[in-house]
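Report on one structure; see the data block that follows.
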Amino acid sequence: SKFRVGAALLTLDNCVITGCNVENACYNLGVCAERNAISKAVSEGHRSFKAIAISSDLSDQFITPCGGCRQFIREFGSNWDVYLSKPDSSYRRMTVDELLPVSFGPEQLYMSIH
């Protein structure tokens with residue numbers, strides 16, 4: 001589809017980890033930019049994040065994470081910032097909680113076994 005998406009993740013220790021979407025002829029095998037950046041960060045030892053910024057070529061609306069990425073982002077906390085951007089450098093800041101309200105996360109798994 002040639003739909004380009006990029007993500008930049010800011011860790012608690014102020015490292016910036018980037019990712020991009022990787023498309024595949026078999027669409028469900030592609031990887032979104034958000035999951036790419038987070039997976040890369042985790043593989044490098046980072047598990048706590050301050051913010052993630054997401055960008056694309058869309059100019060008429062802010063790019064937003066897909067449902068799967070929203071849940072993936074949520075796995076690492078609900079009170080960090082998500083920046084949705086446009087090519088003209090305008091952006092909208094949201095929290096993970098705002099992006100995925102009434103969410104299910106690791107805390108619920110812990111509660112269910114205790």
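Cβ atoms here come from the backbone N, Cα and C positions, even for glycine.
Cβ-based neighbour count (10 Å, all protein chains) for Glu34 (active site, proton donor) stands at 25. The feature active site, proton donor is assigned by TrEMBL to Glu34.
What TrEMBL records for Asn21, Val22, Glu23, Asn24, Ala25, Cys26, Tyr27 is substrate binding site. Neighbour density for Asn21 (substrate binding site): within 10 A of its CB lie 19 other CB atoms from the protein chains shown. In three-state terms derived from DSSP, Asn21 (substrate binding site) belongs to neither a helical nor a strand segment and is classed as coil.
Annotated Zn(2+) binding site per TrEMBL: Cys32, Cys66, Cys69, in sequence order. Counting only residues at least six positions away in the same chain, the Cβ atoms of Cys32 sit under 8 Å from the Cβ of Cys66 (Zn(2+) binding site).
Marked as domain 'CMP/dCMP-type deaminase' by TrEMBL: 1-107. Shown for the domain 'CMP/dCMP-type deaminase' (1-107): DSSP residue counts in helix, strand and coil, namely 28 helix, 32 strand, 47 coil.
Its own atom aside, the Cβ of Cys69 (Zn(2+) binding site) has 24 Cβ atoms within 10 angstroms in the protein chains shown. Taking a C-beta cut-off of under 8 angstroms and a sequence separation of 6 or more, Ala25 (substrate binding site) has no same-chain neighbours.
The two recorded residues, Asn24 (substrate binding site) and Cys69 (Zn(2+) binding site), show a Cα separation of 17 Å. Asn21 (substrate binding site) sits 8 Å from Glu34 (active site, proton donor), taking the Cα positions as reference. Cα to Cα, Val22 (substrate binding site) and Glu34 (active site, proton donor) are separated by 11 Å.
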